[in-house]
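Visitor: The domain 'Major facilitator superfamily (MFS) profile' feature in TrEMBL is assigned to 36-459. Annotated transmembrane segment per TrEMBL: 35-58, 78-98, 105-124, 136-156, 163-182, 188-209, 269-296, 308-328, 335-357, 369-394, 406-425, 437-455, in sequence order.
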């Protein structure tokens, strides 16, 4: 009872700025020059670019690798899909690693696995080294997928947090598009070497940026915490109120029992865990990886040029993701998620109608236009919200004392969903092509309902205010 009283009293104090007058809220730290925050974000999202480079590698290299090593389709499919299993292993360990050795330490570990993986692929003379290298890069991807958005969210001022965290998804999509493009020009070994460039930039940049202040505060490194916060906010910025808010919240959390995995489902944390995992389910089970991995096949089935369709797909994805990054701190997370979910439903319906007409040989002339419209509406809608925002919200809502375990669980859910969706897509399409997209439309409609009912708006609040309000 004493712990509960302490927690409630401090949370009450932390929540007061949410309903106070604007001039009473924290404004001191937002007036400094955030160039260091931008630089730190650039360094961190090199990990996101590495993520995209890993994900985009297998598609343009398929024919060349199969020819050089005489691989069957099943053997190459193992090479492509083993990445996801590595990523799931990375997801499971990402939170504990980031909690134990810090966010920068976790990025170093992830980079090391990616370097080893790319070199194994480059020097491979058979399928076994190829698979080992792919598994290692997958592990690095899994760690990056958690630690990059968490680090960016923890260093960013509240008015920039959404935009900067969304750059994680922007860099992933940019890297995938670059890999698709240059993979048609470079050999598969040379393309593997290009994967070393973002890790080199990241490892070099980590020497010049501070550790996450919130992680330092959690570890009890008070002087380092204040020094890191001062560097991020500018040497002339007044950090006293922000530092006090962070420290007070950390103190509250330290008085709670040490968190274990089962405690994530305690009433105190159940809402944040439900939101974090629920958004990852919404993101993956709506069909994105099936559509992403088999875009060319869908265009071919619909009778449209896969080359033109894939180029349009990649360009639209980059542009709309950038637009989403620009809007997220103005429009808010929830409105963009609802807009995104509505577009996903519409895109799936367009594609379903196209395949229905194709199956029953009705209105065949309209099939290519409907399929292309559906895919472009789908990927544009995904890019504006559902692609990036679940990662943004995940990085915001978990208190620092459960962030490692809860974040790992949410990231694992995401990667499991990615594997399940890509694995089942061909089976579903063989059963019913239009029925597959009706199913995805229904799942995305349920996602809209979940967002309306369960997901709060997180724009414009400090992490401490937000976490106290959700986990009260």
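Quick reminder: no glycine exception, Cβ is built from N, Cα and C everywhere.
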Visitor: Pairs 6 or more apart in sequence, C-beta under 8 angstroms, 3 or more of them: is that satisfied by the transmembrane segment (406-425) and the transmembrane segment (35-58)?
Guide: no
Visitor: Would you say the transmembrane segment (369-394) and the transmembrane segment (269-296) are touching, if the rule is that at least three C-beta pairs must lie under 8 angstroms and be 6 or more residues apart?
Guide: yes
Visitor: Look over the recorded stretches 35-58, 78-98, 136-156, 163-182 and say which has the most C-beta pairs under 8 A to the transmembrane segment (369-394).
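Guide: By Cβ pairs under 8 Å, 163-182 leads among 35-58, 78-98, 136-156, 163-182.
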Visitor: State the residues, same chain only, that lie 6 or more residues beyond the ends of the transmembrane segment (188-209) and have a CB under 8 A from a CB inside it; answer 'none' if no residue qualifies.
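Guide: For the transmembrane segment (188-209), the sequence-distant neighbours (Cβ-Cβ under 8 Å, at least 6 residues beyond its ends) are 36, 39-40, 42-44, 46-47, 49-50, 53-54, 57, 60-61, 64-65, 68, 104, 107-108, 111, 114-115, 118-119, 121-122, 133, 137, 175, 179, 182.
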Visitor: So which of 35-58, 78-98, 136-156, 163-182, 437-455 is most in touch with the transmembrane segment (308-328), counting Cβ pairs under 8 Å?
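Guide: Stretch with maximum Cβ contacts: 163-182.
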Visitor: Roughly where does the domain 'Major facilitator superfamily (MFS) profile' (36-459) sit in mean pLDDT, to the nearest integer?
Guide: 89
